[in-house]
Amino acid sequence: MQLLKDRIRKDGIVKQGNVLKVDSFLNHQMDIELINEIGKEFKRLFEKEKITKILTIEASGIGIACIVAQYFNVPVVFAKKAQSINIEGEVFATKIESFTHKKTYDVIVSKKFLKPSDRVLIIDDFLANGCALVGLIDLVISSGASVEGIGIVIEKGFQSGGEIIREMGIHLESLAIVDSMNAEDGTVVFRGDK
């Protein structure tokens, strides 16, 4: 998605340790006009999948998932990273290791909100090593629902997550795939760049 790549080049900040900061427009302060375009693009990419539910994980994916869900006219469910007194009844649970925060989370979704009849589109802001997505896929499978696709805003193509998910045979669409980044000069090279 050229609009997204241009914005990453303009406002993204490359840090040491393969960190790409996009908090000025995507996952802290959110540019709703850009995210609307992201929502339209995911609708175009997954419109044949008959999606009934959007699933993401707290916190960065929630805003993006909500905009995407408007184009599909379906609810959003977000996996919580901790058991809460607000969640009543039984839950689907898995463990997810976070690349960003370097810790393992117990992640849960109430059984009330994922049913075997659901056709789920998973949405997230980043794909790095794939641990979060594998955990979300596990939650969907545990519910008996089907993963119809995964929409990622930014994939770090130099890490293994995309390959892991594609080898599972799941329809994965990443709007920008970063093949390399240089913290010294701030450059980002996207897949398909010449």
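Glycine is no exception: its Cβ is also placed from the backbone N, Cα and C atoms.
DSSP classifies Lys156 (xanthine binding site) as strand under the three-state reduction. Just so you know, the Cβ of Lys156 (xanthine binding site) picks up 23 other Cβ atoms within 10 Å once every protein chain is counted. The xanthine binding site annotation in Swiss-Prot covers Leu20, Asn27, Lys156 and rests on sequence analysis.
The 5-phospho-alpha-D-ribose 1-diphosphate binding site feature in Swiss-Prot is assigned to Ala128, Asn129, Gly130, Cys131, Ala132. Annotation note: Asn129 (5-phospho-alpha-D-ribose 1-diphosphate binding site) sits in a coil segment as assigned by DSSP. Cβ neighbour count for Asn129 (5-phospho-alpha-D-ribose 1-diphosphate binding site) (all protein chains, 10 Å cutoff from its Cβ): 16.
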Can you tell me how far the Cα of Asn129 (5-phospho-alpha-D-ribose 1-diphosphate binding site) sits from the Cα of Lys156 (xanthine binding site), in Å?
8
Consider the binding-site residues Leu20, Asn27, Lys156 and say which one has the Cα lying nearest the Cα of Ala128 (5-phospho-alpha-D-ribose 1-diphosphate binding site).
Lys156
Whole-number Å only: compute the distance from the Cα of Lys156 (xanthine binding site) to the Cα of Cys131 (5-phospho-alpha-D-ribose 1-diphosphate binding site).
13
Give me the count of other Cβ atoms within 10 A of the Cβ belonging to Leu20 (xanthine binding site).
19
For the binding-site residues Ala128, Cys131, Ala132, work out the Cβ neighbour count at 10 Å and name the residue with the minimum.
Cys131
Pairwise Cα distance for Ala132 (5-phospho-alpha-D-ribose 1-diphosphate binding site)/Leu20 (xanthine binding site) [Å, integer]:
17
